[in-house]
Ligand SMILES: Cc1cc2nc3c(=O)[nH]c(=O)nc-3n(C[C@H](O)[C@H](O)[C@H](O)COP(=O)(O)OP(=O)(O)OC[C@H]3O[C@@H](n4cnc5c(N)ncnc54)[C@H](O)[C@@H]3O)c2cc1C
Ligand SMILES: Cc1cc2nc3c(=O)[nH]c(=O)nc-3n(C[C@H](O)[C@H](O)[C@H](O)COP(=O)(O)OP(=O)(O)OC[C@H]3O[C@@H](n4cnc5c(N)ncnc54)[C@H](O)[C@@H]3O)c2cc1C
Ligand SMILES: Cc1cc2nc3c(=O)[nH]c(=O)nc-3n(C[C@H](O)[C@H](O)[C@H](O)COP(=O)(O)O)c2cc1C
Ligand SMILES: Cc1cc2nc3c(=O)[nH]c(=O)nc-3n(C[C@H](O)[C@H](O)[C@H](O)COP(=O)(O)O)c2cc1C
Ligand code: FES
Ligand code: FES
């Protein structure tokens, strides 16, 4: 039984990764799961300088999901390189660094800083709905998706994953734009912009008014977009959005994802990632699947 | 205490309506709720001729919601006028007919046929994700939203509500286009395109592959879009998407909806509409709200 | 407005009667009072992630005790039926019913034969077995019952009380090895009217058999449901005649069915 | 990987101790073994519509019996806490813990005074009262306890066993009419160290009071949480110093807190 997958030339021992921003740099969850069991750890977004994030409340529970407007709080690339990369290097897993920025220059600065670090891949977040500048603004228009991809690729030594926003009319247009710009892989979906109002206090539930919706509630939207993107481009796709069980992971793989990430589910089931790794193995056994890569995009 | 709201000149006794396609023409649910208690009944989509709809399975359960790809099965306008309108006329509630079509001509044919019927408003569905022609295709591009609105308005005797699709990058662009085309009100949101795959049968859960996601899972997205649209146009808005309790209804009203519709919730709580009417009254009492219209769009 | 409502009913008792097969008695005056064999109820979980109903047929109706019995299969882990299986007597369960049309009990009207001359064949396959029990109890004529199982049998003693019972098992552990059609042929069974419930391939075979032999045949169909009362048009099956609701060829399993004349529908 | 896990723990007992206030004892060896006062647990519903944890402080820790006690308020209808309140002894509940830092018990280190010369003031407001109980039990010094309630009191007899108890009620039904600050002033209370938990306005007033009087003061803060273990950065509060995690001024209530030196945070 072979669970390895090839993600733009990087071989993962299995397709299970963590979704950026829900797993820090792995330290906190390393108490709950053996990081050596994961295909890759994707870090929280890293900027060129520390970002303080948004005011609180930053999250709100919704039916089957949650809204977040963390606002990409992070210590900046220098602390990250000094502290988080050495931590992750202790484990036999791939390191994918999620990069955020307010301008093309910001992204490129981080990408250059990481060029000689022992990082396996870069995931460029052009889809965060919770920051005023940068973030989603780059990810909702094919021309700017293509431009930012091309720019980042110029500076990147590692393979580049573009993380797409679901807040678009046509995900295939964005996927094609990223492909045209030279992306090596795609991640989708980021969160969907949502809002909650507290009817008793007659106020927004989040200080930021809107936030990004994640969790099982959005899974059918994510599966659809992964399917559409997988059938529109040749790039490998990292599927995410509401994955909480191994069945969910398989669903994304059958739809066309080469790898999958778990986000919100970590919060209520800290060992979910490893449970998914084990579930995938059992599934392969039950249905006599030799290579997990054989079933990528099998449902057409 | 005054629960009436004015929807483009039509006075509803309260803001609670039914979402098209989830309440038929009211007959089946009239066993469970007193239709006289509702602000309006919005009918299932009506076309110029009978439509057979899609193959089964047409629905699938998802976490906190459901996918449907009914495909607008309906008996066509003649049966509708002969049977459903007389049924609804027995009740003291407004009648809003949801209209579907495969071309501008189709819509206009239905709208003309209804011109002299005792129908209070027309809701034009340009956002159904489950039919190949027409439907959503009209609703994802501002120019075509404006054009179809203008065309329908030429033929309509009753006020026209344009029902918008959430499957767009910028809902305000569609809202403004409908306003520019002469719409009298907006309905949002229709369902969000989604997909489910059965991992054991390795097949799509729906015969149609994709379906429209509805139910509580999508509520935060719907509230956000209602808020954005309400702050972009002057038209009254009918808010829907996951409303299952009176708190949900108030949430939409605070966000800017003049009226609200319950869809999926009817399926698992057949008396939900009347429970919401009663809940809104209690809320108004508790917070000393004289007119429900005073709190429309109050959270800014 | 007749005042029908989704009700929160108390569970009288529940037990496992075979691997993954549970039998639950539910206290409900309203449903027990009016229900007929072949009707079903919508059962709801209390888990906000599973909002849609699970349609489950009535297996027995006890008017005296205001109880209904359902027998259902737990279809997998993480399912709604798995949640039902964990409920204990005294717990409540949300249900809506009775739903659908039920089996027609008047054999004379259907066959032109007197009750005492008429032989009815009741065929159940797998989880289609349970609704046949209340039908057998209420059907006022000679009954041949053919029940097909994969391996484990359930409700066998209950059926034996109602007439001649023939068993088919896929693994051959009891009765005829094979399916219900094998049992019918193997035992040379025949009848004037057939009632059947079970998986689609079985219904398909029975429909063909009945039509070849010109036997009146009623089958109970399955489809995914959302409303359960005829509104949402989720649960349609292809019908020969134009349907009364949408004037196409789509009858609603939940309202126009689940029981149809075999000649009326495609399967 | 230490092997910490979300656990499915058995409820030993549960009772309502005031209107909408419930007391639950939970059996959990792991948490009872290592927890300290001021720490909390994440409690999870079994309802798929409510996925996030409810953070609830430990009210008592019983190492002998491997039990922890939580006292919590049901905040409204349709809430997660309402679901917890329906659970009975023998039912299971999913929990994660112990979480957070807890109150420092070493008063000498904090005040420079000997245990026997040091007077600690424990202040609880509303649903901030419960965590003060285990703190009172473990704090090895003279204790003045000031507990503020809207109207109904709870845990009163338990506190009386631990030292001098002063009560404030908003409606004046017992003790000082007003809030905890009114009770402190009205009774001329003073102390060398303060521990407090309660609503933000109360903590704000106590912080000011302690800083004016130069009293060491620890407060337990609240914020909405998702992970509960320091990863998601949902639960930050503004800190004076640059925080160790993100190098901004945002300490995490769940991990760096919930207990902070009053001078360390803005409120
Ligand atoms: C009229 C009718 C009568 C039935 N009577 C019985 C009975 O007496 N005993 C019994 O064990 N089963 C019966 N079934 C099948 C039963 O409804 C499904 O097995 C059950 O809904 C599966 O739910 P789950 O929670 O186990 O599965 P899940 O996978 O959690 O179900 C997901 C969704 O799919 C629906 N669904 C899944 N399978 C079916 C199916 N076969 N038919 C309709 N909906 C389905 C569920 O209702 C739910 O909405 C009947 C079905 C119909 C239509
Ligand atoms: C460290 C800490 C310790 C606490 N200790 C206690 C205690 O001992 N007893 C007690 O009754 N309450 C305590 N609370 C408050 C308690 O967490 C909330 O009252 C509870 O989460 C509300 O959940 P609900 O299901 O009633 O409300 P819902 O409205 O269903 O909650 C929705 C979401 O908001 C979150 N939330 C709502 N209110 C709060 C709040 N005040 N703080 C944090 N999250 C909130 C919930 O956790 C949930 O994720 C504590 C809070 C924190 C942060
Ligand atoms: C609290 C939180 C923080 C997040 N932070 C980031 C981030 O820093 N960068 C990023 O690209 N995505 C971020 N995301 C999005 C997730 O990586 C993921 O795309 C999304 O949550 C959908 O997956 P899920 O439903 O499994 O959570 C964040 C999501 C959450 C819930
Ligand atoms: C089964 C089903 C059928 C629907 N049919 C129609 C329709 O005919 N016309 C239409 O405009 N919207 C239709 N909708 C969309 C609903 O009117 C509504 O916009 C959507 O479901 C969101 O509301 P909800 O979450 O309360 O269901 C349908 C929705 C469902 C679930
Ligand atoms: S389930 Fe809605 S029509 Fe049958
Ligand atoms: S709740 Fe996640 S960091 Fe505190």
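Yeah, the Cβs are placed from backbone N, Cα and C, and that goes for glycine too.
Just so you know, TrEMBL annotations are computer predictions that nobody has curated.
Listed in TrEMBL:
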type    : residues                                             : note
BINDING : C:54, C:55, C:56, C:57, C:71, C:72, C:73, C:80, C:81 : FAD binding site
BINDING : C:227, C:232, C:235, C:254                           : [2Fe-2S] cluster binding site
DOMAIN  : C:4-105                                              : domain 'FAD-binding FR-type'
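Structure coloured by features recorded in TrEMBL.
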residue: C:54; record: FAD binding site; Cβ neighbours (10 Å): 23
residue: C:56; record: FAD binding site; Cβ neighbours (10 Å): 23
residue: C:71; record: FAD binding site; Cβ neighbours (10 Å): 23
residue: C:73; record: FAD binding site; Cβ neighbours (10 Å): 18
residue: C:81; record: FAD binding site; Cβ neighbours (10 Å): 17
residue: C:227; record: [2Fe-2S] cluster binding site; Cβ neighbours (10 Å): 29
residue: C:232; record: [2Fe-2S] cluster binding site; Cβ neighbours (10 Å): 29
residue: C:235; record: [2Fe-2S] cluster binding site; Cβ neighbours (10 Å): 28
residue: C:254; record: [2Fe-2S] cluster binding site; Cβ neighbours (10 Å): 29
Average pLDDT across the domain 'FAD-binding FR-type' (C:4-105), rounded to a whole number: 97
Between residue C:73 (FAD binding site) and residue C:254 ([2Fe-2S] cluster binding site): CA-CA distance (Å): 20
Secondary structure at residue C:81 (FAD binding site), reduced by DSSP to three states: helix
Cα-Cα distance linking residue C:71 (FAD binding site) and residue C:235 ([2Fe-2S] cluster binding site), given in Å to the nearest integer: 22
Other same-chain residues whose Cβ falls within 8 Å of the Cβ centroid of C:54, C:55, C:56, C:57, C:71, C:72, C:73, C:80, C:81, the recorded FAD site, in sequence order: C:43, C:70, C:84, C:127
Helix-strand-coil residue split for the domain 'FAD-binding FR-type' (C:4-105), DSSP-based: 12 helix, 46 strand, 44 coil
C-alpha spacing of residue C:232 ([2Fe-2S] cluster binding site) relative to residue C:73 (FAD binding site), in angstrom: 26
Among C:54, C:71, C:73, C:254, the binding-site residues whose C-beta sits under 6 Å from ligand 5: C:254
Rounded Cα separation (Å) that holds between residue C:54 (FAD binding site) and residue C:227 ([2Fe-2S] cluster binding site): 11
Against chain B, in sequence order - binding-site residues C:54, C:56, C:227, C:232 with Cβ under 8 Å: C:227, C:232
Pairwise Cα distance maximum in Å, FAD-binding residues per record: C:54, C:55, C:56, C:57, C:71, C:72, C:73, C:80, C:81: 16
Nearest of the binding-site residues (C:56, C:71, C:81) to residue C:232 ([2Fe-2S] cluster binding site) - Cα to Cα: C:56
Cα separation, residue C:227 ([2Fe-2S] cluster binding site) to residue C:81 (FAD binding site) (Å, whole number): 18
Alpha-carbon spacing, residue C:56 (FAD binding site) to residue C:227 ([2Fe-2S] cluster binding site), which is rounded to whole Å: 14
Annotated binding-site residues C:54, C:56, C:71, C:73, C:227, filtered by Cβ under 6 Å to ligand 4: none
